[in-house]
Amino acid sequence: MLQLSSVYKVFNEGTADEKVSLQHINLTVEAGDFVTIIGSNGAGKSTLMNIISGVLFPDEGEVMIGGKKVTTLPEYKRSKMIGRVFQDPMAGTAPSMTIEENLAMAYARNRKRSLRNGLTKANRTFFKEALSSLHLGLEDRFKAKVGLLSGGERQALSLLMASFTKPDLLLLDEHTAALDPSRAALITSLTKEIVHANGLTTLMVTHNMQQAIDLGNRLIMMDKGQIIVEVKEEEKKTLTVEGLLQLFQRIKGEQLVNDRAILS
Amino acid sequence: MYAILSAMDLGVIFAMMAIGVYVSFRILDFPDLTVDGSFVTGGAVTTMMIVGGFNPFLATLAGLFAGFIAGCLTGILHTKGKINPLLSGILMMTALYSINLKIMDQSATVSVANEETILTSIRNAWEALGLDDLLNSFFTMLGFGDDLPETWSVLFVIGALALMMKGLCDWFLRTEIGLALRATGDNKRMISSLSANTDWLTILGLGLSNAFVALSGAIFAQYNVTADIGMGIGMIIVGLASVIIGEALFGTKSIARTTLAVFLGAIVYRIMITFALKIDIFDPGDLKLITAVIVIGALVIPKVVDRQKEKVRKTKRRKAAIAALQRKDDDVASTKLGL
């Protein structure tokens with residue numbers, strides 16, 4: 001479904017701030033895979049997401065989605081195939097528009113927008129049904145402006161908007177990191193449910209090792225712009241946080257001082 | 001009475017401009033100064049075509065279209081040229097001054113005094129209906145007999161046209177493209193992750209906004225029987241004043257409600273100005289100054305009021321908290337005494 005071959009990205013090239021963010025990354029994701037991505041700050045996780053979604057273009061290498069070369073396809077064209085949830089709960093929804101209008105915009109994702117009414121009766125019924133799958137009672141607040149919702153509710157709505165058109169690829173960029181623990185747990189379980197129900201090919205960046213182990217069928221760990229650990233389906237089932245840390249230490253030969261703090 | 005009615009005539013003409021400003025300023029969150037130029041462009045194209053013998057309705061439509069193009073160019077400057085929104089508008093406004101002079105054949109005014117304009121056609125059709133007599137006799141009955149306007153046609157027919165344009169705007173903002181346009185002003189990052197081309201939407205939105213403005217300019221020039229190269233100066237502020245006054249007085253609950261508020265805001269603004277100019281201390285030349293003061297007031301006063309309210313609320317809450325604490329102390333004291 002997704003194929004990255006030798007993707008290389010450098011920022012501020014030729015200056016004192018030069019930083020190689022991705023060092024010739026190769027990654028193949030099959031249809032139906034749910035890959036969790038972990039790594040410390042500056043490992044290149046977000047850059048990877050931005051290159052897959054088309055916000056950034058790689059300096060070298062190629063990106064293929066569904067067998068089609070999309071390396072330099074702009075974001076607005078590529079996002080017909082890609083659903084995305086951002087870390088910031090404010091980023092994925094339009095605050096001054098209503099819940100139904102937000103859903104209508106997401107619904108129009110994979111077709112050409114026209115002068116058709118964005119909110120027909122049939123659409124509304126479908127939206128209500130989809131909303132009720134979140135179990136948050138949002139279907140009763142259909143005409144409320146999204147700016148009035150809490151961060152958790154907005155993130156749940158973003159998740160629905162990113163996924164309910166069944167995109168080829170779902171990108172989750174630390175989408176539970178900005179929420180309090182109970183809300184984060186809710187979004188995590190919704191994620192599991194939605195990805196499973198629709199069989200979506202998913203990439204999820206997270207800072208939380210336990211979450212990375214619990215979700216998905218594959219796990220990759222990034223460090224300094226490289227994929228340093230790849231754990232496949234069978235192996236992943238028996239993986240623990242301790243095991244993951246040991247794996248990292250063995251490969252890098254360095255102490256994970258910072259990452260221990262995240263476990264707590 | 002007469003003064004109020006002519007203020008309302010102007011109000012409905014400017015209402016279309018105000019709705020245009022609403023689209024750029026509020027929907028797209030783009031303070032677009034092209035307005036000062038495109039208002040004149042609309043008037044210039046229309047009057048020149050009328051003088052050239054074209055059908056006045058066709059000429060007005062052409063004026064609207066010229067405004068659309070001007071707005072699109074501002075959008076292109078901003079999105080493709082990566083020029084800051086305010087600067088793109090200022091650049092376009094400045095360029096339009098020369099372009100407008102070119103359209104007007106290098107003369108500062110174009111008169112349509114002896115031509116058929118849409119307003120003369122409307123007036124003729126209106127008078128054939130005999131509605132003026134009806135309305136006049138009604139107002140004579142109410143005691144306004146010696147203070148009646150020449151025609152009611154502008155208020156009713158142009159008012160209806162302005163409401164129709166408002167309806168068109170409401171409809172458009174509910175379509176799939178319209179929703180994406182609104183999201184472009186609200187959360188650009190989100191809507192481009194939902195496969196909308198925000199550059200194209202910004203260009204389209206500014207085009208539509210300036211089409212409304214130019215239509216308003218085209219009708220204003222016919223109402224005044226002259227297009228004047230300077231008639232657009234300060235127009236953006238007039239538009240903003242109408243938007244802000246309308247929103248404050250009539251609410252912003254939904255899009256249709258807000259555009260109605262802007263429509264009414266334009267009329268209220270005109271009436272306010274008429275009264276202000278009636279006060280002897282003001283000269284007609286003070287018009288722009290008064291407008292600027294109104295806008296500044298409308299922008300600043302609500303914030304000051306809010307801050308004041310917040311202050312009062314906080315003091316109240318603190319007092320209540322202190323009182324509650326004291327009561328607790330008293331309770332504790334009395335229980336101790338009881339022991």
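Note that Cβ sites are derived from N, Cα and C of the backbone, with glycine treated the same way.
The transmembrane segment annotation in TrEMBL covers B:7-28, B:48-73, B:85-104, B:152-173, B:200-223, B:229-250, B:262-281, B:287-305.
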Long-range environment of the transmembrane segment (B:48-73) - Cβ separation under 8 angstroms, sequence gap at least 6:
24, 32, 34, 37-39, 41-42, 92, 96, 103-105, 110, 112, 115-118, 120-121, 203-204, 206-215, 217-219, 222, 227
Find the member of B:85-104, B:200-223, B:287-305 that has more C-beta pairs under 8 Å to the transmembrane segment (B:262-281) than any other listed stretch.
B:287-305
So what's near the transmembrane segment (B:152-173) in sequence-distant terms, Cβ-Cβ under 8 Å and 6+ beyond its ends?
5, 8-9, 12-13, 15-16, 19, 23, 27, 119, 122-123, 125-127, 131-132, 135, 179, 181-182, 208, 212, 215, 219, 223, 255-256, 259-260, 263
